[in-house]
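Notes to accompany the following structure.
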Amino acid sequence: MAWTLVLLVLLGTSSCLDAKELHKKIDISALLESGSGSGEEGSSGSGSAPEPVRDQDVDWKQFKIKPEQCLDKGENCTGDPEQCQENWQEMVVQCPFSCRFCSQRSIDDVTECTDARGAACKDWADNRNDCLRFPQFMSTECTKSCKLCGKETNGKKFDKDVRCIEWAKNGYCNEGELYKEKCPHNCEVHKSIKKEPKGPYPYPTESLYPYQYWQLYPAPGPAPYPPYPYPTAAPYPYQYSPYPYTPYPPPPYPNPYPQPPYPPPPPPYPNPYPQPPYPPPPAPCSGPGPCPYPGPPPPPYPAPTPYPPPPPPYPEQVPPPPPPPPPPPPPPPYPYPYPYPDESENTKHKSKKHAKHHEKHHKENHSKKS
């Protein structure tokens, strides 16, 4: 483990090493090849084999390359993320940015209201919400896109928390000086907003580190079941005898719905038409003489009233009425006994007769006057 101690000592000497200097000072391959022993190929020898490099033996916090020097030089840096641990001595030179070997700047070191990552910052801030997901990186590399500064304050005031814009919009800047110290830019922009009564901001305003990942917050587990007051046996199908392969015999399965006892049979149905009692037999003769033979015949037994016939299941169908007889044929046209004369001839006859009568009457009047 001597080479491991050497590695830790070299890593601890500088908190901010350049990638090339780090690669020069730490030559893991030389350490792996180091060792004592003698012998040729095929012959036996003595010595100790090199121990493999383990991930937990490397202090990853010491890889703090300056942001301006932390750039990927390889072509396929994002292809296999496991190479950052398995082949880290090469990846720290070729892919320091993809392997997150860069040191993080502080918000206090920011002096210009710009985006150090260029046009990508706007996409990260607006579409991916990275200002809240990665606050340390976004607050220093995308200060303008996260709205930690702006032209409202001439780019001279910088907020120290990416949540400042939400605090200012909900009126927290008017609640105390602490918010004004952390958020000088947004408190100046939203100074006219008063705090709402209920405070709709969902995030905690005070915590040790406001952006702890969910793994760091211990999630409450499910509530434990209350203890039973007494030990309860397993359900019946799993209650086996302590003897092997001899389960308890199952009890008789009760009927889930017990049936009531059957009712007693009904008494015999009485005859709806009781029969009269039979006449008593004739009394024996009391006299000394022989009894007359044959005895008087018994009175005729009245016949029982016949049962009414059962009603038919369906009413009898009435036969349809016969069709009406066909109407008699119309009589032939009856001829008139005296056909009327033609009206035109009758009119002519009457006009001639009237003219003769008028002429005769005129002549008689004329003769009387003369």
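Quick reminder: no glycine exception, Cβ is built from N, Cα and C everywhere.
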Which cysteine out of C113, C121, C183 is the one Swiss-Prot pairs with C149 in a disulfide?
C113
Disulfide-linked residue for C173, taking Swiss-Prot as the record, within C146, C183, C187:
C187
Identify the disulfide partner of C70 as annotated in Swiss-Prot; candidates are C16, C102, C121.
C102
In the structure shown, which of the disulfide-bonded residues C113, C131, C146 has the fewest Cβ neighbours within 10 Å?
C113
If you count CB neighbours within 10 Å, which one among the disulfide-bonded residues C70, C99, C164 has the smallest count?
C70
DSSP secondary structure for C99 (disulfide bond), reduced to helix/strand/coil, please.
coil
Rounded Cα separation (Å) that holds between C113 (disulfide bond) and C173 (disulfide bond):
22
